[in-house]
Amino acid sequence: MPDDSRISPLDQARILSEALPHMQRYDEETIVIKYGGHAMGSENVARQFASDIVLLEQTAINPVVVHGGGPQIAAMLQRLGIKSEFAAGLRITDAATIEIVEMVLAGSINKQLVGYINEAGGKAVGLCGKDGNMVTAAKATRMLADPDSNIEKVVDLGFVGEPEKVDLTLLNQLIGHELIPVLAPLATSKGGQTFNVNADIFAGAVAGALKAKRLLLLTDVPGVLDKSKKLIPELSISDARKLIADGTISGGMIPKVETCIYALEQGVSGVVIIDGKTPHAVLLELFTNQGTGTLIHK
């Protein structure tokens, strides 16, 4: 983004004029934003993101932030000499690892982001899915093909969960009252066991329960790419499923798109996958005519 000092007053006025109808469209609407771990790697980017979230709240939008923390968890595990293992894109989380995951997500990252938002003039409240039994999860399982026999088998992911229920009681006490919920993707089972939940999946479940106007997934890529690696600006659910089937959408993008589809089917109006490293990515998507990333809709 260009330095504000290089933008003439007239251009600044035009920018604000372009933003107005978009602000009106999202007036008093809930926007769920998933902020990824890699995009959080720079303090400057994190502070800029926090400032943008405060701007949303100041324009009568109700932002709900869900953050990840994969790189930070990996760094802490490495420091403690614990090996990181993954299966089907999910971190295998044993008893020792879940304690570290909870410490990093609900402690370090969550409170740091809350601090940045508060320093920018907002009123952030740091929570995780365990608070108020907000998110109840069941143990996640995945099927993977054995590399030798090619026979599929169930992989034990440990304390990794998938949301079963979202209780909005606590969130509804915050949303619309000038408070910004900042959620760490941890959940609890009916028996009280803590589960690590993939942040995209967690955000999709929360957005679906809230019937959010938008779910924004901030990632490390510009959005969904075609086979020529060009950005696809817009997709319907049926388009997305076809691209998964023909291999255009592959690897780590598949669970993200599946989360988008789930959220849409639960009542979210639109989901956008955008590059979280782009300066002011959230504002570009919500407040400009062109937007950014890939919009997925029904």
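Heads up, residue numbers simply count up from 1 along the chain you see.
Using N, Cα and C of the backbone, Cβ positions are placed for all residues, glycine too.
Here the structure is a predicted model, which means the values were calculated and not measured.
The feature site 'Transition state stabilizer' is assigned by Swiss-Prot to K34 (among others), with sequence analysis given as support. Spatially close to K34 (site 'Transition state stabilizer') yet at least six residues away along the chain are V66, H67, G68, A199, D200, F202, A203, L215, L216, L217, L218, judged by Cβ distances under 8 angstroms.
In the three-state DSSP scheme, G70 (substrate binding site) is classed as helix. Under the heading substrate binding site, Swiss-Prot lists G69, G70, R91, N196, citing sequence analysis as support.
The annotation site 'Transition state stabilizer' is assigned in Swiss-Prot to K256 (among others). The secondary structure of K256 (site 'Transition state stabilizer'), as reduced to three states from DSSP, is helical. The local packing around K256 (site 'Transition state stabilizer'), expressed as other Cβ atoms within 10 Å of its Cβ over all shown chains, amounts to 25.
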Sequence-ordered list of residues in the chain of R91 (substrate binding site) that lie 6 or more positions away and have a Cβ within less than 8 Å of its Cβ, or none, is G70, I73, S84, E85, T97, V101, L157, V160, N196
Widest Cα pair spacing in Å over the listed substrate contacts G69, G70, R91, N196 is 12
By the 10 Å Cβ-neighbour count, the most surrounded of the binding-site residues G69, G70 is G69
Simplified to three states, DSSP reports K34 (site 'Transition state stabilizer') as strand
For K256 (site 'Transition state stabilizer') and G69 (substrate binding site), the CA-to-CA distance in whole Å is 16
For N196 (substrate binding site), the number of neighbouring Cβ atoms whose distance to its own Cβ is within 10 Å equals 29
